[in-house]
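Notes follow once the structure below has been shown.
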Amino acid sequence: MVKVYYNGDIKENVLAGKTVAVIGYGSQGHAHALNLKESGVDVIVGVRQGKSFTQAQEDGHKVFSVKEAAAQAEIIMVLLPDEQQQKVYEAEIKDELTAGKSLVFAHGFNVHFHQIVPPADVDVFLVAPKGPGHLVRRTYEQGAGVPALFAIYQDVTGEARDKALAYAKGIGGARAGVLETTFKEETETDLFGEQAVLCGGLSALVKAGFETLTEAGYQPELAYFECLHELKLIVDLMYEEGLAGMRYSISDTAQWGDFVSGPRVVDAKVKESMKEVLKDIQNGTFAKEWIVENQVNRPRFNAINASENEHQIEVVGRKLREMMPFVKQGKKKEAVVSVAQN
């Protein structure tokens, strides 16, 4: 059984006298920097000139270029998008990593797939809140927190574990619980969840359901409501109470349909396909394809994205959402606590 660490399990004053540089001031960077600062940690922000630079200044941070921040800090947390990290690391962080410093990530992709190869004389660890930045920030302000993962890749100083847990505590994670993992496990499970279930699998399921109804002659508007719009109602129940709690809250008719029809849709063949997706993640096939795609300016990515954006479900959805101002109000509220990604 995994061990869960809470505030009382974590050494005090581990980060005292140390400067933490948060590199990037998007959704996660914004939350990490503010939470750490309010936890008494000496925080600086490293970000390029632009909206995020200005926002970080307005939020009261000491803001520098990435290179300047990396030079000043003992602990460097990289919170840039995966596809930007390697380039920024090579140009602005690598040469500032003197012996004994700590290089930190919130996702293991670039280290696990060797896009970033840290020097042998620095600590390398991961602290990953299991929620978006606006939630990390909001729960912290409420006196709570979002559960987090931590992992150690290199422990040169003998203090990497203590620093990782102290960082997790500083952003509020230890109020909810911090779980230990590895860079390999965090990276591979995160990618699998995104591809097979949360994003890829779910998007394909919703679209297939919509197409099945419209191709059978049903109105696209009704297909949208039944296959996409009402999804939030079910996911919220699952999020709060798990699968059993969701089933308790729906009608018996819906629950019986769940039991007898769900396995017909997601059958053994689908599970075998999931295993193939996982295999491509584990052996590096997916990572190689994504890295190359970015190196050639994303031709497939952009073409697929443009096509998907014009699918009938999007056309119908845009019209129907105009009928539901409460949907947009929720989006605007979330945007208030987030800032533009770098």
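For all residues, glycine too, the Cβ spot is worked out from N, Cα and C.
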Site-mate of Tyr25, Gly26, Ser27, Gln28, Arg48, Ser52, Asp82, Glu83, Gln84, Gln85 for NADP(+) in Swiss-Prot, selected among Gly131, Gly133, Gly143: Gly133
In sequence order, the recorded positions (His107, Asp190, Glu194, Glu226, Glu230, Ser251) whose C-alpha falls within 10 A of Asp82 (NADP(+) binding site): His107
Reported mean pLDDT - the domain 'KARI C-terminal knotted' (182-327): 98
Extent of the NADP(+) binding site in Å [max Cα distance among Tyr25, Gly26, Ser27, Gln28, Arg48, Ser52, Asp82, Glu83, Gln84, Gln85, Gly133]: 20
Residue pair Arg48 (NADP(+) binding site), Ser251 (substrate binding site) - Cα distance, angstrom, rounded: 52
Pairwise CA distance, Gln84 (NADP(+) binding site) versus Asp190 (Mg(2+) 2 binding site), rounded so that it is a whole Å: 18
Cβ-Cβ neighbours of Tyr25 (NADP(+) binding site) (radius 10 Å): 32
